[in-house]
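Peer 1: Take a look at what TrEMBL says about it:
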type	residues	note
REGION	96-134	region 'Disordered'
COMPBIAS	96-105	compositional bias 'Gly residues'
COMPBIAS	110-122	compositional bias 'Basic and acidic residues'
DOMAIN	159-287	domain 'TFIID subunit TAF5 NTD2'
REGION	334-388	region 'Disordered'
COMPBIAS	334-345	compositional bias 'Acidic residues'
COMPBIAS	357-368	compositional bias 'Basic and acidic residues'
REPEAT	416-457	repeat 'WD'
REPEAT	489-524	repeat 'WD'
REPEAT	531-562	repeat 'WD'
REPEAT	573-614	repeat 'WD'
REPEAT	615-648	repeat 'WD'
REPEAT	657-689	repeat 'WD'
Amino acid sequence: DRQTLVAVLQFLRRSNLRESEEILRREARLLGDDLGAAALSPASAGLLVGSGSDADSGEALLGRGTGAAAGAIGGSVATVATSSPGVAAVAAVPPGKGGARGSCGVGASSRRDPLGGGDDGRVPGFPRGAGTRGSVSGAVVVEDQPDVSAVLSAYNQQGDPTLYEEYYSGLKHFIECSLDCHRAELSQLFYPLFVHMYLELVYNQHESEAKSFFERFHGDQECYYQDDLRVLSSLTKKEHMKGNETMLDFRTSKFVLRISRDSYQLLKRHLQEKQNNQIWNIVQEHLYIDIFDGMPRSKQQIDAMVGSLAGEAKREANKAKVFFGLLKEPEFDVPLDDEDEEGENEEGKPKKKKPKKDNVGSKSKKQDPNAPPQNRIPLPELKDSDKLDKVMNMKEAARRVRLGPECLPSICFYTFLNAYQGLTAVDITDDSSMIVGGFADSTVRVWSVTPKKLRSVKTAADLSLIDKESDDVLERIMDEKTASELKILYGHSGPVYGTSFSPDRNYLLSCSEDGTVRLWSLQTFTCLVGYKGHNYPVWDTQFSPYGYYFVSGGHDRVARLWATDHYQPLRIFAGHLADVTCTRFHPNSNYIATGSADRTIRLWDVLNGNCVRIFTGHKGPIHSLAFSPNGRFLATGATDGRVLLWDIGHGLMVGELKGHTDTVYALRFSRDGEILASGSMDNTVRLWDAVKAFEDLETDDFTTATGHINLPENSQDLLLGTYMTKSTPVVHLHFTRRNLLLAAGAYSSQ
């Protein structure tokens, strides 16, 4: 679109961004000043042109992203848009300081998807690797590495290499001698400054100074940065820095520190008095200091929240409104069962007054005030079989055990014995009738847990002989001859890391190291589709609670939203700085939570792809996520053995459960949300009192504004029980509809 291009070039010229103007001009093959004459095709311009379905979705596609949009690209971002429906979005990034070359395009191609955006189509002429990874959150982002040399050039020679140790120890001395209230906050500077100063020395080829700087100060860093420091210690030459991911993350995303105004003024005054420009330059260029008014935070409050790859989340990142309420259940009539009623009377109990069952289908007549509009995202229609299943579910729910501290669930543990193929994933159907295991030998194995064997549909030749008018036609199409307790599904060419049953039990998803997600039919036990989008291992996948949609996350650091009938993703959620290790749908299906090896959890809006929450606090990669049944809270588990609890509406950490001594791989709330079960590599299942954990929360405006969270000192009060296995790490947990807890894992002999 020529006018847009002209507008951008004029904007760049007005802003004195000559270099960017030249680059854009070269990309667009527009040399000289004669802009009017050159006709321009979108492909040669290297821009992604989005055509939204209407002006509104066009606007949504411009990635009104999170703070990541401007923050991740060190320079300013100019997004020029016309108000017409066919919008072309161009983000112009000045190179040089912390910026990456090239234009980063946002948009979607014209094929309609159910959510009103486009599919993941790259415009053919778009230069790969031009955009900054994750710079525009939640829109279609070019995922390749940013231009390494441009990123690194920000480390130009600035100071005298021999003085770096002096600068750092001077600041260290100042911080350690400051008042207690400021010391905790200012100590957050140690780690990011240490990394940037070290990298600057290495980049400018002062290898011996870098080495002595590292050796002298790396011991002062917090214990939870040890893994990052190990990677850093291996970067000793300028050549090592090219193409190193950790390095690039640190460079392209500003490290976020949350500091009170008083502490910040103190720091600023000190650095300006000392004329310590080296440190002040790093603070301004590579750190994002989120200043709040009020009391400085204590050491415990800071320790609870820090530890992720890019520091804390900016407060702005958690301000967006989130509809965490549940959708209203559809109404339908439930037939009364006579046997139920008589059965209860035989035991000599007085006949209980049953609630009126005219339409039990409607759980609550009132719409939840925090729920999203019913049609915010299109959900599949309920089929008759789904309605039957809902009725069964309600009958089971009526017999559900009310759990609590006085009434703990029974736990039934499924141990995979002789799993020499290496068990890597487990899932159990909602009605607890089937269990699936994903294995390192690239097979997917499905077992029936009930006496009913697994049957597949007969072959086409046999089906043609069946009388289609008979009443039991659905029974007749199943092949009894091949019925068995176990079915093995072959198709993947690498370990299977994630499995998920569809809510209606007709389909099964599996994702693998081979970069694909496969959809299997549980009627024929064959593979229906292979979804290819990730180029690297896919670590997790999960069906939406309403079916049809599913999410996957992998080593390429993005999560993708798919629909079963589209072979390309509907949404790409970009923003994490490392692998997306686990994914979960919110109970209302409007949001997706992703946990990552960058030690953060993000909540994404399915409708527009925006990141609406960033939670930091874990000290290791996240491996499990669970939403509470009411949709208000999220529990997360990681390699640090801690389980953290989050209030989604306020965007706050509200609890920390300590007890596990190894990675927490499984988390599940009981059906009514009274109990949280956690399973870990330390061979235990622990039960926590969720009701107590979430009552009396301090979520006043002040806490939300400053992140002054007060976690109860002792999480042991919330621990209701610890259950050891002999030598079986817990990989999966599942509450049946009647609140029996099922756990699963593979026996390990060592």
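Yeah, the Cβs are placed from backbone N, Cα and C, and that goes for glycine too.
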Peer 1: Quick one: average pLDDT across the repeat 'WD' (489-524), no decimals.
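Peer 2: So the average pLDDT across the repeat 'WD' (489-524) works out to 94.
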Peer 1: At a C-beta cut-off of under 8 Å, are there same-chain residues at least 6 beyond the repeat 'WD' (615-648) that contact it? List them, or none.
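Peer 2: Sequence-remote neighbours of the repeat 'WD' (615-648) are 224, 227, 304-308, 311-313, 322, 324-326, 370, 578-579, 581-584, 586-588, 593-597, 599-603, 654-669, 671-673, 676, 678, 680, 682, 688, 690, 693-694, 697, 699.
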Peer 1: Run through the repeat 'WD' (531-562) and tell me, per DSSP, how many residues are helix, strand and coil.
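Peer 2: Per DSSP, the residues of the repeat 'WD' (531-562) fall into 0 helix, 19 strand, 13 coil.
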